[in-house]
Amino acid sequence: MEFSVKSGSPEKQRSACIVVGVFEPRRLSPIAEQLDKISDGYISSLLRRGDLEGKPGQMLLLHHVPNVLSERVLLVGCGKERELDERQYKQIIKKTISTLNETGSMEAVCFLTELHVKGRDTYWKVRQAVETTKDSLYTFNQFKSNKPETRRPLRKLVFNVPTRRELSLGERAITHGLAVASGVKASKDLGNMPPNVANPAYLASQARRLADDFDTVTTKIIGEQEMKELGMTSYLAVGQGSKNEAMMSVIEYKGSADPDAKPIVLIGKGLTFDSGGISIKPSAQMDEMKYDMCGAASVFGAMKSLAQLNLPINVVGVIAGCENMPGGNAYRPGDIITTMSGKTVEVLNTDAEGRLVLCDALTYVERFDPDCVVDVATLTGACVVALGHHISGLLGNHNPLAHELINASEQSGDRAWRLPMSDEYQDQISSPFADMANLGSPGAGTITAGCFLSRFTKKYNWAHLDIAGTAWVGGKEKGSTGRPVPLLVQFLLNRAGLENVE
């Protein structure tokens with residue numbers, strides 16, 4: 001799929017298809033008005049006849065419009081002009097791409113990027129169009145024996161920008177959008193893999209491949225023997241019921257000209273399958289517990305995007321791969337575990353395992369003297385109750401870092417919402433026998449999980465993203481979303497000083 005930007009009049013575009021917008025009720029966008037004028041009112045006459053109202057997602061494909069060089073013109077319903085926001089814009093792009101693909105338009109010039117979207121500039125509109133296009137065309141069918149193929153798939157998309165001065169802005173948006181889309185695809189592919197393939201060793205192999213593909217990336221794999229030597233007893237306890245060895249992949253990206261620049265650290269929970277262990281989960285939808293490694297998948301995707309963008313910063317990505325299974329050697333409710341930090345944990349529920357893996361990873365990364373640490377995890381069902389499936393949960397111990405991440409979430413459209421983590425909640429994870437319990441008393445489950453993790457982050461600025469509600473979509477159309485790769489990449493772009501300014 002090839003993307004480019006240009007600035008020109010619609011009637012002069014020689015393409016398989018031109019894409020322009022129509023607002024409710026039957027109001028032509030400025031670009032559509034130009035086409036209507038050059039075609040002697042051909043388009044407006046169709047609208048008066050009632051062929052298209054302009055409601056969001058409505059499509060009307062016109063052939064051989066008078067005096068227009070392109071073979072076809074696709075009219076796209078955009079709803080009411082004043083109500084066109086970022087969510088509706090992305091939905092319109094998605095429906096447009098689907099229509100172009102279905103109708104055999106192998107190339108198109110898209111003028112939707114010239115529409116006014118509340119609070120968004122040309123860079124954002126082009127970048128979101130690229131990301132949405134790539135996401136719309138994503139398929140995961142490598143395990144199907146019969147793979148459906150589009151007869152004449154969309155291969156080239158040109159986005160028009162209002163002035164030539166904005167061409168460089170559009171080109172940068174395409175570069176950034178393609179990198180984000182590449183990371184999202186990598187994350188989705190990992191998440192959608194079946195757990196009999198995507199075990200901790202598979203995650204490690206993908207981390208090694210990333211180092212093979214980019215000179216700026218090195219990867220170290222830490223297996224169970226080294227974990228024992230490091231004292232990562234909590235991490236090991238979670239995986240000891242599985243025949244698949246726990247493996248932690250440490251991916252280092254060095255892009256800063258200053259070799260001593262402190263790195264940003266990203267940590268991803270990588271439970272390649274979470275049965276719940278001895279505290280076993282209900283069988284309904286247990287298949288979706290292959291998605292319990294989506295935190296690790298998103299860190300992997302963000303590291304891939306980062307390497308493609310060649311950003312001038314240092315970043316360490318940690319993929320905490322593990323499998324939580326019941327068995328004769330599995331850890332039990334009632335066990336007391338000594339973590340790598342020396343703190344002890346009473347296990348109340350073996351299905352609250354993500355925090356037991358993450359706490360040792362959080363201690364491990366102290367050796368990098370990080371500028372900040374962000375962990376990403378499908379950690380709590382309570383986050384789904386609190387925020388649903390649209391917004392990720394955010395907690396942390398450093399207000400400026402939390403604000404940076406919220407800002408990146410707004411810029412990217414991959415939203416997060418900060419939850420409180422005041423001292424009162426810490427009492428909910430107290431234990432009569434150990435320093436803490438791995439499960440809080442009823443209420444505020446996402447916050448008490450954050451409180452647990454916070455006890456292992458005293459030496460650096462830290463934030464936690466709970467993506468339990470946003471990492472995948474369940475049900476018949478189940479699949480990984482690739483989130484929060486866009487948020488993470490935007491955060492890294494901002495840290496590199498490459499946030500967009502028109």
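Counting starts with 1 at the first residue shown.
Every residue gets a Cβ built from N, Cα and C, even glycine.
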Q. Do you know which of D274, D423, D427 Swiss-Prot groups with D351, E353 in the Mn(2+) 1 site?
A. D274
Q: Quick one: which of D213, D215, D292, D375 does Swiss-Prot put in the Mn(2+) 2 site with K269, D274, E353?
A: D292
Q | Neighbours of K269, D274, D292, E353 excl. site residues, C-beta within 8 Å of centre, Mn(2+) 2 | A | V238, G270, L271, M289, M293, C322, N324, G354, V357, A377, T378
Q | Sorted by sequence, non-D274, D351, E353 residues with Cβ within 8 Å of centre, Mn(2+) 1 | A | V238, L271, S275, G276, G277, S279, K281, D292, N324, T350, A352, G354
Q.
Using a 10 Å radius around its CB, how many other CB atoms surround E353 (Mn(2+) 2 binding site)?
A. 29
Q. Given the recorded positions K281, D351, R355, which lie close to K269 (Mn(2+) 2 binding site), meaning Cα to Cα within 10 A?
A. R355
Q | Fewest Cβ neighbours within 10 Å, where candidates are the recorded positions K269, K281, R355 | A | K281
Q) Looking only at DSSP and grouping its letters into three states, which state does D351 (Mn(2+) 1 binding site) belong to? A) coil
Q: For the binding-site residues D292, D351, work out the Cβ neighbour count at 10 Å and name the residue with the minimum.
A: D351
Q: Starting from the Cα of D274 (Mn(2+) 2 binding site), work out which of the recorded positions (K281, D351, R355) are within 10 Å.
A: K281, D351
